[in-house]
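S.K.: The structure that follows is given in the form of structure tokens.
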Amino acid sequence: ANEDDSDSDSDLIGPPLPPGFQLESETKEDTEERSDDELSDEDDDESNSRYDVLPISHEIELIHGSKSVTALALDPNGSRVVSGGLDYEMKFWDFQGMDSSLQSFRSITPCECHAIKNLEFSANGDVILVISGACIAKIVDRDGFVKGETIKGDQYITDMNHTRGHVAMLNDGGWNPRDKGQFATCSNDGTCRLWDIQNLKTHKSVLKPRSSGGLRAIPNTCRYTRNTELVSVGCNDGSVQMWDTRRSLINTSAIVREAHTKGSEITSIQFSYDGNCLLTRGTDDALKLWDMKMLKKPIFEIKELFNRFSMTDCFFSPDDRLIGTGVSCLKGEELGRLMMYSRDNAELKHEIPVSKGAVIRSSWHPKLNQIICGSSNGAVKVYYDPNRSDRGAKLCVVKHKRKYRESYENIEQQIIAPHALPLFKTERKKSYRLQMLKARKDPIKSRRPELPVTGPGQGGRIASAGNTFASFIARNLGVKNKIDDNEDPREAILRHAKEAAENPYWVSPAYAATQPKPVFAAETKEDDEDEPSAKRPHIPV
């Protein structure tokens, strides 16, 4: 017994336990471990079923303006929304900084008088690609400051390979999903150009879609695949053309000539998250789903989806089980709708009436689990579920609108400085209208200058003969130096002879220093005998 007690004491380390303290049994620990595993399994089940139910139980409305919202984008984290429309404006919305008034914190006009066609955040959400009706694509940061723009090409060059930029209106553009520094743009000049953000002075590559007859096809939308291996372009002839970025970009790697009705525009191209399917939307009122391995024939086609805009979007749900697109209003209809179909059998799952007007832009953010739509009446709707959605619209709806106090009370006694007294107070500058009214009452300031007299004269004033400087000189010169026509000119000159002789001022002093002195001839005897009484004048030599 003593040996057993010594063995048990050697197993205990540290001071003895207090009386009445009991260790937890191993079975209880095992049950707790099992409960933790079960809870983790339940969390996984909930995460898998997060997208089973559409998050449309609640909604908020952001007012962009009175014109159509043709561009809409959410950053990858889901904290900021940007919208653009036909009013040339681009507005920024911050879910974390907004309150229940739902006001945008910034509004800019990045492309002057050109409508915004597409907006898209880069892969890391630092900058935004702005596609407008101009031939230049701009890059702005999250706060709306322009960071760069693509160069404009030479419109007099026929070969588009030899010009460094687009020469016609842009239609669409998008970022590389894996490289934050590369993006693509397509234009009415018949090219799709790949750009590097580090060098916007020239394009990186040029893609030229062609029609079935070999002529130029105008691309209306462009998109990278999820793995960035392909660049897909939807053209105005109803074709979808793809290029492999790992090979030469001269020839297409895949092409679907009649993806939509010939002559109809393809308004949107979207790839599934698993990369196996392609979704296209066109102006032929159709939505088609394609298998990337079998592009000859679509998996299914959904018709009678009226489309009035060339920017109408389509999208996949984050779990790739649903597809959706917006529908424009037919004649007699008031509300635009958002249609959700099953990816497996094209069954209509949900029809969501959005607002008065066509639904143009729509997307389902995977991180927020919220659906955002832009319509033609200038409104942006955000749908969410309080239980299944995260952050986003849930952050701003719970914040009360800030109230500003209109009246203020001075708790402490007011201190008046000497120069704040009315005696030293400077007079407040009046408005321009009050200054003009006061000046009108002043007879000196409001005196009207006399107008020049025309005609024979009036009011004791004689009309002037002429208004030119020459007429003034001629008129005054004749008054000051008036000459009598009957006066002899010789007498008029000799009148001043005596004064000139007594006071030589003008002529004689001027020649006194340069003229020689006169030398007179001496008198002879012969002259004296002939004329003794007469004196001959001296003749200078």
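Even glycines carry a Cβ here, placed using N, Cα and C.
Got these off TrEMBL a minute ago, pasting:
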{"type": "COMPBIAS", "residues": "1-10", "note": "compositional bias 'Acidic residues'"}
{"type": "COMPBIAS", "residues": "27-46", "note": "compositional bias 'Acidic residues'"}
{"type": "REGION", "residues": "1-49", "note": "region 'Disordered'"}
{"type": "REGION", "residues": "519-541", "note": "region 'Disordered'"}
{"type": "REPEAT", "residues": "62-103", "note": "repeat 'WD'"}
{"type": "REPEAT", "residues": "163-205", "note": "repeat 'WD'"}
{"type": "REPEAT", "residues": "259-293", "note": "repeat 'WD'"}
S.K.: Within the same chain, where does the repeat 'WD' (62-103) have neighbours whose Cβ lies under 8 angstroms from its own Cβ atoms, ignoring anything closer than 6 residues to its ends? I mean 6 or more beyond.
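M.R.: Distant contacts of the repeat 'WD' (62-103): 109-121, 123-125, 128, 130-131, 140, 142-144, 309, 311, 357-358, 360-361, 363, 365, 367-368, 370, 372-382, 390-393, 395-402.
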S.K.: Given the model, what does the mean pLDDT over the repeat 'WD' (259-293) come out as?
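M.R.: Across the repeat 'WD' (259-293), the average pLDDT comes out at 93.
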S.K.: So, by DSSP, how many helix, strand and coil residues make up the repeat 'WD' (259-293)?
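M.R.: Counting residues per DSSP class in the repeat 'WD' (259-293), I get 0 helix, 17 strand, 18 coil.
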S.K.: Using DSSP, tally how many residues of the repeat 'WD' (163-205) sit in helix, strand and coil.
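M.R.: Computed counts for the repeat 'WD' (163-205) are 0 helix, 20 strand, 23 coil.
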